[in-house]
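Under the heading domain 'Amidase', TrEMBL lists A:1-55, A:71-396. If you look up TrEMBL, you'll see A:SER80 marked as active site, charge relay system. If you look up TrEMBL, you'll see A:SER104 marked as active site, acyl-ester intermediate.
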Amino acid sequence: MLKGYISPYNATVVQKLLDGGAVLLGKTNLDEFAMGSGSTDGVFGPVRNPWSYSRQYKEKIVPRSDSEPENSNWVITGGSSGGSAAAVSAFTCFAALGSDTGGSTRNPAAHCGVVGLKPTYGLISRHGLIPLVNSMDVPGILTRCVDDAAVVLGSLAGHDPKDSTTVQDIFQPFALPSLTDVSKLSIGIPKEYHAPGLSSEILAVWSKAADLFKNAGAKVVEVSLPHTHYSIVCYHVLCTAEVASNMARFDGLEYGHRSDMNKSTESMYAATRREGFSDVVRGRILSGNYFLLKQNYEDYFVKAQKVRRLIANDFVKVFGSGVDILLTPTTLSDAVPYVEFIKEDNRTRSTQDDILTQAANMAGLPAVNVPTALSGRGLPIGLQFIGRSFQEKQLLTVAKWFEKQEMKYLLCIQILQISGYTHHQKDEFQTSSGERC
Amino acid sequence: MAAARPLRHRSDALPARVDDVTNRFRWRAMRALGLCRWLLGGTVRALGPGAATASSAPSPQDGVTVEVLDHLERLALVDFRDAEGVERLREAVRFAERLREVNTEGVEPMDSVLEDRCLYLREDDVTEGSCTAELLKNAREKVEEYFVAPPGNIPLPELEERDTFLKEKLPH
């Protein structure tokens, strides 16, 4: 739909980076309109996870058959900001921007072994971010370590007069203190996040992380977020409804692809949208319109909004009971091979993959993925920390402490990754542009 | 406030032989139940084809008829393309049905997570503009300073005349 489109203005986050002296290398690939959890549905093709070419992954995969070409076992990056995560993971750039509506920054961050930060809703301006779900979108930050994420956050956060959903509180950029004493911290482990389908490896890593905090003196408690099971359904309804509204602006008249049909305005719009949108986007628009029909409005849309309040209240209750940070897994498993991933359709995959990341978007809370370990297949696994609203400093401080405990491990991983990568041809990677910033 | 919706009577909701005493009683009970619901201001859903009694919830798939699909195509100005598209919608509706399991009695809907903050208004001053040339650059068809649209006020053709997959689903 936006092929050949050149934006006449910079997004606020992009302008802030430019004003801060950043060198923007380019745009990265993603799922079309950020709808998806694999970065496989973009117009430019699927994004390949750089870890697919690391030595430890190649050594561990079992070739399916002799007749299969050697490079068909590559894994997905996760999505929808997969290109950005791949770019950071492959040491192509210092940091990258993504968007996070249902986990679209944290999911690829976990699969690519990088830090993915979703800030509090209202902290960073959305002016220039193509809206998917206005009440849940935030620009996401992808970096290789937590300190870098804090640096980028420092230059992006703050009130923007061009985005009325940014809060007016003054934001002070911060440097992260090096935490040495975690005994005053209370870490919550929500039991509902032990979702069906969670791989045993991730469960083990999660338990190990909880033990790490306990052994260091922090108070680790099991908490309950009873409506977690419904957050994905609620998201499904609210997302499609808001998408139906937001995608209405793409009619070909002022920008973007325009069909040659000229009989009437409506038929031109219909033809343009038929030609310009992929199946995934069209499916969501139609579902959204269905949920917004007069006869369905109360039963679906308003009901979903009520469930949203219940989910947000769950978090308020837990944080109100003295818990500082929640520790959860980010994904159900490590990255799957592309050929496996495409066996299910986009909506099913999104439903499965967003289950652990989605609730933070519902409640507008900040969350960060910290790469933690490697799976048995040599692919990264990450854990997610969820913090209180606008308490990014506390969240990132704890994340930094945790990262330091894993630091030695991470450094080895990244060295192994580079050595695997340099032997591979560079043109295997997708780094061409998609509209994002 | 839930708007009271009229009970729709459809001849196919009536039992075949109304002179049968038991059926007549059942039919009257259905009407009474429906009437009670309506009077209490509850949401009465349209009786879809195949709905047996007013007390059992109609299947969500009853809402996905050809008329509704056509209506959606018109509203969204996006087509279903093929049977897979329709199936996708059905799946989406089936999935959304799980929301019914949650008890939301007395819960207010949440529009935004920033609802406890004031939405502010900025001063009504012109701070930017005069970028006509820039904005027109992206439009494919324009004349001087205008975007050119095909003639308006012509509604989308009816289902029979449209080139859409749904035509095959029309009853012949």
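Note that Cβ sites are derived from N, Cα and C of the backbone, with glycine treated the same way.
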For the domain 'Amidase' (A:1-55), residues assigned helix / strand / coil by DSSP: 16 helix, 1 strand, 38 coil
Proximal but sequence-remote residues of the same chain as the residue listed as 'active site, charge relay system' (Cβ under 8 Å, at least 6 apart): A:LEU30, A:ASP31, A:ALA34, A:MET35, A:GLY36, A:SER37, A:SER39, A:GLY98, A:SER99, A:SER104, A:PRO108
Across the domain 'Amidase' (A:1-55), average pLDDT on the 0 to 100 scale: 90
Count of other CB atoms lying within 10 Å of the CB belonging to the residue listed as 'active site, acyl-ester intermediate': 35
